[in-house]
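Enquirer: Pasting in a structure now, in structure tokens, and then I'll have a few things to ask.
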Amino acid sequence: MASASIPVYNRSNNPLENSSSQNASRESLKMEPLAVTLLPGEERVIDKDIMYICPFSGPVKGKVFITNYRLYFKSADADPSVTLNVPLGAIGRVEKMGGASSRGENSYGLDITCKDMRNLRFALKQEGHSRRDIFDILFRYAFPLSHGLLLFAYLSQEKYEENGWSVYKPMEEFRRQGLPTDKWRITFINDNYELCDTYPTILVVPFKATEEDLRKVSTFRSRGRIPVLSWIHRENQAVICRCSQPLVGMSGKRNKDDERYLDVIREANGTAKLTIYDARPSVNAVANKATGGGYEGDDTYQNAELVFLDIHNIHVMRESLKKLKDIVYPNVEESHWLSSLESTHWLEHIKLVLSGAIQVADKISGGNSVVVHCSDGWDRTAQLTSLAMLMLDSHYRTLRGFQVLLEKEWISFGHKFASRIGHGDKNHADQDRSPIFVQFIDCVWQMTKQFPTAFEFNERLLMTILDHLFSCRFGTFLYNCESARDTNEVRSKTVSLWSLVNSDSTSYLNPFYTPESSRVLYPVASMRHLELWVTYYIRWNPRIRQQQQSPVEQRYMELLALRDEYLKKLEELQLTDSSPNSSHLSNSSASNAASPTQHINHLHTPF
């Protein structure tokens, strides 16, 4: 990572034109060297002596540094030293703790709630409003959009060898799938986001459907999100289509164009019955009629069967993760662990999402086309389609293929990242917040545990993705849809997360990966086989952090390094073939020159 010089805090360039900014300016005159390398474009704003109330080792004196990107704390004399390195984007809430008249040691300070499963508490001296300046600055820089400031992704000046924005090219991905065909065509009807402002510009639709048909169908689908193709099976031509709910309403409205359109999807590969997977519990789908939504009734969609998958809504998932956080941070209570975990229902939700995706994948494998939707088609729908595609298509299980899957099914098709994560927004109680994408990545992790050789990428990639889901360092997960990203010039003004990943791809590779191009993965979606992702959810606990390195993987990497070392030595020996003093060596090594690895494979080093 490129280093940057530490700039002096400059009041004239800072938006905090108030007394706290003047205090910060005075603070800058006595700033000490920062113990962490700043990113290009990162500037320090303030530092302050403070007490960190560590939940594991008690109060720790040190200094907190705040930049326009992160909060960094380093202990002064603790052994071992205590450090915190928190991107401001990961902060969900900043509150004042105690008042000037509060009694008790360390009762006055700041309480910080993070989006990544941890909370931070800092104590300051009570005299002279000592927390005012740091609170005001932290509040503004952690929530820049609420204060008319730019997200850090627009300030970053990082440069990488790879341009991550070139990872996903829709036309290339559709061609890889074998599209277009005589039954499916590519349309640019949404080129200016006129058909649907939350869909991408390039869509695949039935060949028989005209542009006028698409416009008519869009009037009967929530947010205009019509059924479009996500993936096609090369052999049996069964397709996964995604959309939003039909606008049936309490009166049971019908739309002949929508009914005929779904029948055209069914006919495309001769499916007897088109299976419509509604991700919601049936009672929720019925309740949605009251707000103008609903579902496809058997009486009106006669060549279709409707299956409800009982996956709960964003509010249930938000509360479930909140309960999980309560039992894993800061301390894990061993005596009631299983019952506490069960009470969160988190793994139960993971099971239902995986189970739904398995049903989709199995139906496609059997040659039957499916349509998947929830309410608006950007939360549970994305979970189901992307997981089913991960099960069906080994390309998405590669490092770059997985990036394409996320770009396509989540980013391009309008998962509401800004609303669900709340990037740069101070409204922590916003009811749109929900860990839908975190839940999906958890499901992917469950699959990697059950199929340890099937994925080219490792756990580090999944954790890096989730860390930068919150960090606002890259433009990849910013905004709610493609049209908003275009408006805000994300691709030209920010760096892609895949630039970081692909410039150091070896760090994210699974050493056990074995390519199997035609294999369909069916994970076991049973509570007996699912487990809590401890290395993510409980990673801030020092005891867990010490156990994170897999001894098997570590040993395997050592063996690979040993093999490379032997290969290098062998090549050096082979280079001496031309030397007259090495004629005896050339004969013995010539037989192995074509395949040096074959020679090395005879080395037996036990794990």
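Placement of Cβ uses the backbone N, Cα and C atoms for every residue, glycine included.
TrEMBL feature annotations, pasted as is:
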- C374: active site, phosphocysteine intermediate (ACT_SITE)
- N313, I314, C374, S375, D376, G377, W378, D379, R380: substrate binding site (BINDING)
- 10-26: compositional bias 'Polar residues' (COMPBIAS)
- 578-595: compositional bias 'Low complexity' (COMPBIAS)
- 164-537: domain 'Myotubularin phosphatase' (DOMAIN)
- 344-390: domain 'Tyrosine specific protein phosphatases' (DOMAIN)
- 1-28: region 'Disordered' (REGION)
- 577-607: region 'Disordered' (REGION)
Enquirer: Hey, for the substrate site built from N313, I314, C374, S375, D376, G377, W378, D379, R380, who else sits with CB inside 8 A of the CB center?
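Expert: My list of surrounding residues reads A279, T381, I436.
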Enquirer: Using only the Cα atoms of N313, I314, C374, S375, D376, G377, W378, D379, R380, which the record gives as binding substrate, return the largest interatomic distance in Å, rounded to a whole number.
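Expert: Spelled out: the longest distance between any two Cα atoms in N313, I314, C374, S375, D376, G377, W378, D379, R380 is 12 Å.
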Enquirer: Within the domain 'Tyrosine specific protein phosphatases' (344-390), count helix residues (DSSP H, G, I), strand residues (E, B) and coil residues, in that order.
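Expert: Across the domain 'Tyrosine specific protein phosphatases' (344-390), the residues distribute as 32 helix, 4 strand, 11 coil.
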Enquirer: On the 0 to 100 scale, where does the mean pLDDT of the domain 'Myotubularin phosphatase' (164-537) fall?
Expert: 97
Enquirer: Can you grab the distance from R380 (substrate binding site) over to the residue listed as 'active site, phosphocysteine intermediate'? Cα atoms, rounded to a whole Å.
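Expert: Cα of R380 (substrate binding site) to Cα of the residue listed as 'active site, phosphocysteine intermediate' measures 6 Å after rounding.
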Enquirer: Provide, as an integer number of angstrom, the distance between the C-alpha atoms of C374 (active site, phosphocysteine intermediate) and N313 (substrate binding site).
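Expert: With the alpha carbons as reference points, the distance is 9 Å.
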Enquirer: Which residues, sitting 6 or more apart from W378 (substrate binding site) on the same chain, put a CB under 8 Å from its CB?
Expert: T198, R225, S244, F413, G414, H415, K416
Enquirer: Return the residues near D376 (substrate binding site), defined as same-chain residues 6+ apart in sequence whose C-beta is under 8 angstroms from its C-beta, sorted by sequence, else 'none'.
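Expert: Non-local contacts for D376 (substrate binding site): S222, R223, R225, S244, Q245.
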Enquirer: Among the recorded positions listed here (N313, C374, R380), identify the one with the smallest other-Cβ count within 10 Å.
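Expert: Lowest Cβ count within 10 Å among the recorded positions (N313, C374, R380) is N313.
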